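Notes follow the structure.
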Amino acid sequence: MIDVSALPVHIGIIMDGNGRWAKQRNLPRTSGHKEGLTAAKAVVSAAAELGIKFVTLYTFSTENWKRTEEEVGYLMGLIRRHLRAEFDFYKKKGIKIKHIGDIDGLPDDVRAEIIKASEETAHFTGMTVVLAINYGGRNEIVRGVKKMIADGTSADDITEDKLCKSFDIPDLPDVDLMIRTGGELRLSNFLLWHAAYAELLFTDTLWPDYNKEEFLSDIEKFQHRTRRFGGVLNP
Ligand code: IPE
Ligand code: IPE
Ligand code: MG
């Protein structure tokens, strides 16, 4: 049973395994991505229903440009079309859409669609879905530092709090629960700063097969973890 009074505030999800899911079925990798979108919607719906405040979805990393032009093009198109077509889905649930990542490095039409979706959902009062697109944890930290320098911050004034405020979403809370599907045991440059004390949960399930039931069970697992943040529980 999930204790709704002790929910993780921010869940980060590394949606991995789309390509392998497709390969198992002799389908092109792109069909894995399409099916992955269905899984993402199911998880977002479940999170919204439960009352989770922030879900960040690792959608496209700064390293994913290494893939074929066909795959990258497909992913960009999928993101753009999804944001345009699913506005009602987000509206019905009052979900705010935000973006993290290097937005300047995205194709114009994708960037425009992200900005439009963020603006049109900004006044909603429900959960926030953060889309990490052209996102890299290191890239975010470097851009944050550049912003601080550009703002004239002196070395003495640099604090963790101030650096956080120069990130893409200044008030994005730390990740409480980080889920990675697809069986790999790594962070792949995702939310390096925010995941400093995240509880990590890895599952072999390939992302298109991940569903509401497994998501709820993962939240339950999180609730059985003992978080110490460097302290001692019963001194
Ligand atoms: C994750 O699935 C989705 C993206 C990185 C966009 P993959 O495409 O990495 O799938 P696998 O890991 O090759 O199975
Ligand atoms: C991480 O998956 C990126 C996303 C899920 C968007 P990758 O498939 O790119 O990660 P690696 O290459 O296995 O580390
Ligand atoms: Mg992968």
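Just so you know, glycine gets a Cβ as well, placed from its N, Cα and C.
Automated prediction, rather than curation, is the source of TrEMBL annotations.
Taken from TrEMBL, the feature active site covers ASP16. Here TrEMBL flags ASN64 as active site, proton acceptor. Per TrEMBL, Mg(2+) binding site is recorded for ASP16, GLU199. What TrEMBL lists as substrate binding site is 17-21, ARG29, HIS33, 61-63, TRP65, ARG67, ARG180, 186-188.
All features noted in TrEMBL, drawn onto the structure.
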| residue | record | DSSP class |
| --- | --- | --- |
| ASP16 | active site | coil |
| TRP21 | substrate binding site | helix |
| HIS33 | substrate binding site | helix |
| THR62 | substrate binding site | coil |
| ARG180 | substrate binding site | strand |
| LEU187 | substrate binding site | coil |
| GLU199 | Mg(2+) binding site | strand |
Same chain, 6+ residues apart, C-beta under 8 Å of the C-beta of the residue listed as 'active site', given in sequence order: ARG180, THR181, GLY182, GLY183, GLU184, SER188, LEU206, TRP207
Neighbourhood of ligand 1 - recorded positions from ASP16, GLY17, GLY19, THR62 with Cβ under 6 Å: ASP16, GLY17, GLY19
Candidate with the highest Cβ count within 10 Å, taken from the binding-site residues TRP21, TRP65: TRP21
GLU199 (Mg(2+) binding site) and TRP65 (substrate binding site), Cα-Cα, nearest whole angstrom: 28
Contacting binding-site residues, sequence order - TRP21, LEU187, GLU199 vs ligand 3, Cβ under 6 Å: none
Separation of alpha carbons, GLU199 (Mg(2+) binding site) and HIS33 (substrate binding site) (Å): 26
Of ASP16, TRP65, ARG180, LEU187, recorded positions neighbouring ligand 2, Cβ under 6 A: ASP16
Listed in sequence order, residues with CB under 8 A of GLY17 (substrate binding site) and six or more positions away: GLY32, THR181, GLY182, GLY183, THR205, LEU206, TRP207, PRO208, ASP209
Around the Cβ of GLU199 (Mg(2+) binding site), the count of other Cβ atoms that are within 10 Å: 19
